[in-house]
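What TrEMBL records for this protein:
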COMPBIAS  1-10  compositional bias 'Basic residues'
REGION    1-37  region 'Disordered'
TRANSMEM  44-66  transmembrane segment
TRANSMEM  215-231  transmembrane segment
TRANSMEM  243-260  transmembrane segment
TRANSMEM  266-284  transmembrane segment
TRANSMEM  296-324  transmembrane segment
TRANSMEM  344-362  transmembrane segment
TRANSMEM  416-437  transmembrane segment
Amino acid sequence: MTTIRQRRVGKGTEAAEDQPSEETNVKPDGKIPPDPPGGKLWKVLSITVGGIVAISLGLLTSVYVATLHENDLWFSNIKEVEREISFRTECGLYYSYYKQMIQAASIQQGLHGLVYDNKTESVRTINILERMNVYQEVFLSILYRILPIQQYLEPVYFYIYTLFGLQAVYVIALYVTSWLLSGTWLSGLLAACWYITNRVDTTRVEFTIPLRENWALPFFAVQIAAITYLLRTHLQPAQERLTLMAVFIATFLFSLTWQFNQFMMLIQALALFILDCLDMLPTAKVTWLYIIQISGLLLVCVLQFFNSMILGSLLISFNVSVLVARTIQKNLKKGGLLNRLGKLILHVLLVLCLTLLINKFIKKILNLESDEHIFKFLKAKFGFGATRDFDANLYLCEEAFGLLPLNTFSRLSSTLLFYIYGFVLFLLTVAAVIVAFRNLSGSNQVQLQEKMEEYTVTLKPDAAYSLVHTILFGCLALSTMRMKYLWTSHMCVFASFGLCSTEVWKLTLKCLHLYTSQRTQVIKYSVPVITLLYISFKFWPGIMDELSELREFYDPDTVELMNWIKSNTPNTAVFAGSMQLLAGVKLCTGRTLTNHPHYEDKNLRERTKQIYQIYAKRSPGDVHGILRSFGTDYVILEDSICYERRHSRGCRLRDLLDVANGHIMDGLGENEPDLKPSLYPRFCEEIKKNLPSYTMHFTRVFQNKTFHVYKLAKHK
């Protein structure tokens, strides 16, 4: 078990608007009036200062998380094997391919080793570039090899500094998005400060560095910033083309770096679909965004050797269905309220049916089953029947895939973020509902403009998109804790935008019958500044204490295991064990694995369930036969799994295996009526007694407080 212990060591800003309100600075003929004398200079100065602040905050965030990582592990002082062990579970697996490329005799040989890999899954040759999103490791390893930095920077530091550098991109993108929405860079400053002070809930990069989301989310934030700019009115054609190109590049990079990209972009596509149906976004721009999503995903599909999971994604089926349905229903946005509502209901049903039909057709043709575990998990999670499926229950029992804990909201409230977010969300949701109703009612344009004067903010397409985006990703985060990082970062943007928005304060004050232009301007700047001062005074001492706290990586049992494997087993040895541990075995020792944590493959899931019979109630002969069928030479048993106490009864790994095998679970408690007692004791417990029926198949060759390694007899 990896632990962190105490290290033993010896002895003001003024905001300015750079963008005038889009609604109030447009002449009746549609032209934008020229800037007043001195206005252009002020705008350039504001953009320059705001840009410098954005870059500074991004770099500070990067240094901050890098310092936390160093202080937590004493990364610069520990041995290489300890550094590699610190990349836990799937993080270690991804980093192992970077290490493999660095150590290859040539770039071509390294690529060949990835395309024809026979060490990640024993007795199988798989294409790593097809199965996993590791192009970032490939690119980074090639960059490290060709740059003249080998003498000055170790490969591991080049890798982690790149990830910490991406945090700077992430914060700058959030800053720019908030700035674009509100018109003042004070909003971006507040968003960045909230992101940093709520670090526990906005990122986990400092302790899960190679995780795919840490690569992908900065590009997703850049994409959202580009979409926000694209949805502004009165863009010149050249500006629009450049922005579309930026959206495409960011979408492509996001899709390339994370296997769950299709699900995130499906939610984004749903947001666009809702707003387009309610006439709150320009249809032409929405169409371009659908096309960009499809083209970006298809380009990734080509790079991943036509990965079938991408082709069978719901996103492609949904976007194609929307475009087809729109051509069928050409007069969707004409008519009165009831007429349009009827058309809208038919449109939604048509899109839904087309999506399911297209997706089912593609999966039937491709015989696609790679993502079935996700839908089994969702079915069980939302109460559509209990399941004994091992894979679905494995997800259901993990805290990361459970509901968002309530203490998350208390932490977010301590920085005032959640309170302000709730206020802005409520205000804009009510206003957006009114706008949507009036859009659907078919009022003429003059009446609409007069009636909506008090709700100008909701007429802005970028604000409308941000609203629906945060609602949908909020629902995702509430249902699945692991996805909260997609929501909380945008929460910082949304709350800061609302607090610094002229339109929001104008609407609020008019509702309270207190509106004056001067009062709006005073509140718009004073409230964010007061909030920033509160955050600074309350959290600056804590951040300084956090940065001064020095700890040290400490996991002697795992270090001992890895060193023993490297010294006492042949390079061709095949190891079986838990997915999480085997990722570390591959990284630290280079030995061949039977299974690993990248779970998006049906054959691997079935293989993992079979390997995990070492923790079930099976006979030694059965377990030996299963392990040998995968070419296993050594099996590693972990006491932390065999005698697990972290989960409650019914969610321990041994319980999931017992139920899947039709056996009664251990301990006090109820069992389903059709479960029966096993004829054999639990393998991981009984093997330690060295009974003849076990020693004829298994010989213990290594043991410490945490791990037990057994060598398999090779008789048939």
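Cβ coordinates come from backbone N, Cα and C, glycine included.
Note: TrEMBL annotation is automatic and uncurated.
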What same-chain residues lie close to the transmembrane segment (44-66): Cβ under 8 Å, and 6 or more beyond its ends?
13, 16-18, 160-161, 164-165, 167-172, 175-176, 179, 185, 188-189, 192-193, 195-196, 199, 203, 205-206, 543, 547
Using a Cβ cut-off of under 8 Å, list the residues of the same chain at least 6 residues beyond the transmembrane segment (344-362) that approach it.
273, 277, 311-312, 314, 316-318, 320-322, 324-325, 328-329, 332, 368, 440
Hey, which of 215-231, 266-284, 296-324 has the most Cβ-Cβ pairs under 8 Å against the transmembrane segment (243-260)?
215-231
Counting only residues 6 or more past its boundaries, what in the same chain has a CB within less than 8 Å of a CB in the transmembrane segment (296-324)?
127, 129-131, 133, 135, 248, 251-252, 254-256, 259, 261-263, 265-266, 269-270, 273, 287, 290, 350-352, 354-356, 358-359, 362-363, 366, 368, 370-371, 600
